[in-house]
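J.: Attaching a single structure in structure tokens format; questions to follow.
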């Protein structure tokens, strides 16, 4: 008899068939309490859980006594109570490698779009404001040869450093929990403390997960240390930044502009002051959002769950200690 799983994300037919070859699959639209109650027997017997974005917490786990593995279609997992899973000896699988290059492309795009004011001037053209040769009021700033500061030198940070160093001749500074010798050797990246990075970088790019230590790591003090000509990019997690402090820094001219893929509350409120600022490029958490990469993430998550329920957790496991 096949193990049973709960699937709370729509998958392409070929990936769904791959799951069904190994498991009895119950598809649900979400993990809301009413959904769990409606499918109580399926949740109670499920050994696997696969999907994205929904909260996986102790209350849900209480309804899933047979659960052995959860697989998220993402690299981040701040919506999952990992400690609760580990205490139950439930492994959590994620998809860290398949989205690296695509997210780095997104960060680079935010840097270019923000510095060259692409969105702002494109909207002005559409509004009929381009009636003569443009002057300084339409100008942006250069990206090439400017100093890039990367906060979080993981896979994505490395891919961004590669683009900046080889493609744009940018000196690279970085701050991370530990020094990254490969970054220093390949890209001549310079490790420094956060204050130094903020003071010297022309672009401050944040690529951090959300943890107790990183929540509101960037606030009024940090923005005050940045150059008034600096551009701030956040492509990690929204709550790493105190959004009110960022808004104030932009309004007061403490920094030049911001390119934001993530926000404290998502979707971003239509009343957010960020949406009325011409020096802000705000996009809806599109970091990995290409057809190719999202498919690859789903395929990776499917394979992760198949492997995990066969006891294979050598790669992509967040909490391997749970298997002990």
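If you go along the chain as it appears here, the first residue is 1 and each next one adds 1.
Glycine is treated like the rest: Cβ placed from N, Cα and C.
What Swiss-Prot records for 237, 266 is active site. The active site, proton donor feature in Swiss-Prot is assigned to 285.
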J.: Whole-number Å distance between the CA of residue 285 (active site, proton donor) and the CA of residue 266 (active site)?
T.: 8
J.: What whole-number Å value do you get for the CA-CA distance of residue 237 (active site) and residue 266 (active site)?
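T.: It is 10 Å, counting Cα to Cα.
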J.: Go through 237, 285, the listed active-site residues, and name the one with the sparsest Cβ surroundings, counting other Cβ atoms within 10 Å.
T.: 285
J.: Ten-angstrom check, please: count other Cβ atoms within 10 Å of the Cβ of residue 266 (active site), all chains counted.
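T.: There are 12 such Cβ atoms around residue 266 (active site).
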J.: Three-state secondary structure of residue 266 (active site) from DSSP?
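T.: In three-state terms, residue 266 (active site) counts as coil.
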J.: Using DSSP and three states only, what is residue 285 (active site, proton donor)?
T.: coil
